[in-house]
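Single-structure report; data block below.
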């Protein structure tokens, strides 16, 4: 449920520093992507590419009925697919919000168009049934009498014709009987005529004959009716009425003959019910897709207005209200026909206005929900952005703001037309404001709005002249709607946004741009197509040039898209490509990447360049201070920290780092306390990252408490630690830090019960966190099929939580180890830590120290050896293993570890001294003397080394007199091994 309470960047919506970018479906797609493949970036890019392909497919289906030529439809789709302006939306993972909103908008439009078609078919069937049922009973009775009279006349005529035919057949048959051998074919002719006489009176053949006669009559009458309509304006009124009466008399037989069959074969209710169901399904599909589009991004709110535009263009389409009635259902009276057409028009208006009302209600609900989520409980709150994001919005001059914001749509249209200059960021001073009327950019602004006005005026004039909206006008209206409506929320006309220009927001307006290109190409082809004598050479040349230009444009756009994708292949390349457009932002981001890669000289140069272009960037000053501090240039780092605080007074991290830097310098204790105290008292409203702000404040309280504890004020430190706990630490590591610091403070005042309580609370917090993460891992394994790489990423998260738990156990165990009566509990905690982290050398190091202090050196030696095997490059582990093995008289193994320690630290005098003493004891006097000399070379006046070397010389001189082993380094005064030297204390 946190999807509905947080914005796109993870900040709670009610917080003052939230961007108010409420996009729950986009965040949900990221979570599903994470469950599918973890943090593998390829899968996120694959999903974006799939979404872009689906949007292109939906666009192809959308333009199919409004663009006649197929190759123009393909050009429009290809132009949208390869346009370079889409690189940010597709190549950038966060651009998925644009893709999802565009996809749901197009799906809503396709479903609404299907709803309009189904509604038109249902309306036609409804009107036809209504017209058939509108005849009165008197008309039906009169019609039945006429039918009976006509049937009687027809029957009498048919019987008369049959009689004449049979009489002629009987006469010829009689002649054949009189002289059967007069002709060779007389007998065969007699047989055939007999069969014909019998078949003429059979019922099936009679029915076939009548139906053939009626169909022939109906087709002849239809042909006559077409000829009469063509000659109607040449005939006088009385003659026209005479032909009209003949036409009705000719069609009456076919109409009456088939009326009963139509009633038997069709049912009126089933098609209407089926059509109503289809209309509802398509309509609710469209409304659902439009409502979910806003859950991807704010631009999705244009889906409902675009559906309304489609409804209006369909309602005012030319010929939509002039359909002819079926030939067997038309009224014989012109006035009745006019009333039927008028009733149809009224029904169509009612349906259109009903749909528009429904769309308006849904859109109002959409807008109300978005405004409510925008401000939490307040529906008037708007997001707050820094002045650097959109400097023109903070300009005091109304003229500057008006001219600049009017110019920005023209500038965006220029990016769509010729995307040669692209950048990842257009904030700050990337576009200089328009401050005067004589600025040349105002000319481009004028021509842009004049072109839009001319196109719109021409479309409206065509609408008035033709009495409706034709297909080409419908294409232009759709293109202008896509071009203008999605751009309005980002135009700064209604409210200010956090950018000057953003390429990602042009994803949906580019649909309208591509449709305009298709409309222009379609119109040009229509103008160059002659209806009488075919296209001329000039027309063919224009077509060829136009096709060539469009093909070359598509090729250039494809090449530019390929180049731009190369810029998005790495962060360094992306930021370098943005230096010509926005040098301050690009240099600052590039410096952060270089510093992360330990290219400190290049990073410092980039930071200096960014500050040279824009000196008031607080984050750049802060990052430069971090770089200088890592190089040991503390004075310059302090100056940069002060600059960042000057330009952003609520930057808590700068206060914290400055206080920590001053706390390490002598005589700066009061200044350190001042900055740490100021950090803890900062107001967090309006900050961009409230979680990081609170983290810095809690860290400042802990550091302040540590300073007070070092000065001998444990009570003050305890109060500071409790204040940090009340502010709710942001992560598990900070929880452990606060709890351990509070436990140590209680321990310093002798309150061991409270100290133990907080140590144990740290262990409990880690166990709870570990259980939650384990449950999440089990859920992922249960509902998702994970790949091996994804499973390893999940195990890394559990390993991190396990390391925190191990650190809490070790700290608590070391606290219990100080009490001799609780050594068993401490040892149990050490054993649990070994089970949780069997490959962590720190666990074995601390366990070995505990056993050594408990006078169990042989067990301690094995733990030190284990730690040395797990961390062969750790000097402390190797040296402690060698020293402990020497104490338990395992001299050969001790010599091996001492030699490893020499390789790790060849400039450490303690290693040579102890190795020489070990060789001295083993009787390898020459090697022992060499190690003593190496130790004296490092420290010439080392007393312990000189004493052992003199003993060695005396032993060598008296070797022939005595064979006893000298006592070398066995007492505390002369031995190079003391308990402090034998073991190394390490912090967990």
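Using the three backbone atoms N, Cα and C, a Cβ is placed for every residue, glycine included.
Note that the structure is predicted; figures quoted are calculated from it, not measured.
The compositional bias 'Basic and acidic residues' annotation in TrEMBL covers 223-270 (among others).
The feature compositional bias 'Polar residues' is assigned by TrEMBL to 319-330 (among others).
Annotation comment: TrEMBL describes 331-341 (among others) as compositional bias 'Basic and acidic residues'.
Taken from TrEMBL, the feature compositional bias 'Low complexity' covers 769-782.
Marked as compositional bias 'Polar residues' by TrEMBL: 789-802 (among others).
Under the heading compositional bias 'Polar residues', TrEMBL lists 960-988 (among others).
The feature region 'Disordered' is assigned by TrEMBL to 123-174 (among others).
Annotation source TrEMBL lists region 'Disordered' at 221-270 (among others).
The region 'Disordered' annotation in TrEMBL covers 319-341 (among others).
Annotation comment: TrEMBL describes 769-802 (among others) as region 'Disordered'.
Residues annotated as region 'Disordered' in TrEMBL: 958-988 (among others).
Restricting the average to the repeat 'TPR' (584-617) gives a pLDDT of 94. Taken from TrEMBL, the feature repeat 'TPR' covers 584-617 (among others).
Counting residues per DSSP class in helix, strand and coil order gives 27 helix, 0 strand, 7 coil for the repeat 'TPR' (618-651). Per TrEMBL, the feature repeat 'TPR' maps to 618-651 (among others).
According to TrEMBL, the repeat 'TPR' annotation covers 698-731 (among others). Counting only same-chain residues 6+ beyond the ends of the repeat 'TPR' (698-731), those with a CB under 8 A from a CB of the stretch are 652, 655-656, 659-660, 663, 669, 672-673, 676-677, 679-680, 691, 737-739, 741-742, 744-746, 748-749.
Sorting each residue of the repeat 'TPR' (841-874) by its DSSP state yields 27 helix, 0 strand, 7 coil. Residues annotated as repeat 'TPR' in TrEMBL: 841-874 (among others).
Annotation source TrEMBL lists repeat 'TPR' at 875-908 (among others). Sorting each residue of the repeat 'TPR' (875-908) by its DSSP state yields 27 helix, 0 strand, 7 coil.
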Secondary structure split (DSSP) over the repeat 'TPR' (698-731) reads 26 helix, 0 strand, 8 coil
The DSSP breakdown of the repeat 'TPR' (909-942) into helix, strand and coil residues is 28 helix, 0 strand, 6 coil
